[in-house]
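One structure below.
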């Protein structure tokens, strides 16, 4: 080879290497660390000395008092100061699944993932055990809370307590809570067997309650949960999801029988805090692929039908993509669907790789690499590889959302402004200010861009600028896949 040709080769190699590192490969380990750190910014209750997001302080210390119980702890769901257990339990299930599938790839972040899970499960255990025959499912009146713009530390709104029971059932929130406790029990099985046992025993009781007293929690609680976290998809998906997790945690055939008795839903092209069918199918397909158990073939088929609806070049696709390559499902908080579906892509690909399995979407052959590549484009897009070079994770990269729709982030911290900021006190000058938020909520992933890949970075535009626990929870697993 001539020197000129070899120089061209070296230049070509360097340009590919540089492009790959600058444009194609964000620092996944940094993104993983920050995606977990975010959960500290959402903590309710008494904060520990190890708290790293230091502009937050203890809050919600009387939660549960109006009902004569201790319901302190847990997470605020998004940019408000309400604890909604339905999305919180889903967040916990997804953090647990992320840790079970990708814990070995997390390195030093594994203990932070466990801490994020435990902050939620400690609270969910209180909700499930404080009063016999009741499952507490939320704290804080959302309609009152949403009229205020105040720090969680200053909260003076009524901390109403909501619950479901045999006379006011909530199979959806109970099924999801059972899933969260069962999944978490597996995370702690080796490192804290006693805690793991408590989680699993509680999960079984909550699941029994979900099955025995059928009904949607939206019907029982009305405006306390709707339209915020109505169970739009019904409760059958949560019964299936809860049974699937308890089957994985116990290997007890009664949960398999329960699954069979539920039947199936037919197809879907979504996966979210509301609709768990696709997640349950992928979770159950693990037995068909890894355990070669033919009783689970129908779930493998459902999981693959789902992938065929997501893949852009599939003849059966029902999924839109922006010009910049982002999956676009719904205009409000679209990234929640992107992160959840991306988690299913990496996880199903992982099962396929382990068993050298391919499948077909019509005449298109799907190998694990195809799913991984699509997952990578979604993770990379969120981390700044997109037409406007905007990272949708706060504090990651040079260009990220500065005016997120989040009370604690947009208001001065207690350390810098010790006077109370009342219910209306936060709107002027803080909410309506065009200045960047004073506190950086590291690792928070916002609702994301619009379908034209645009992002206005506007605090009042909550459907794009609000972060949420369930957006991050699924991302943790997907980014850990690439970090490892």
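Cβ coordinates are placed from backbone N, Cα and C, and glycine is handled just like the others.
In TrEMBL, annotation is done automatically, which means it is predicted and not curated.
Look at TrEMBL and you will find 1-24 tagged as signal peptide. The annotation domain 'Glycoside hydrolase family 9' is assigned in TrEMBL to 28-479. Positions annotated as active site by TrEMBL: 405, 457, 466.
The active-site residues examined here are 457, 466; by Cβ neighbour count within 10 Å, the least packed of them is 457. Within 10 Å of the Cβ of residue 405 (active site) there are 24 other Cβ atoms, across all protein chains.
Here the Cα atom of residue 466 (active site) is found 5 Å from that of residue 405 (active site). Here residue 457 (active site) is positioned 9 angstrom away from residue 405 (active site), judged by their C-alpha atoms. Summarised as a single figure, the pLDDT of the domain 'Glycoside hydrolase family 9' (28-479) averages 97.
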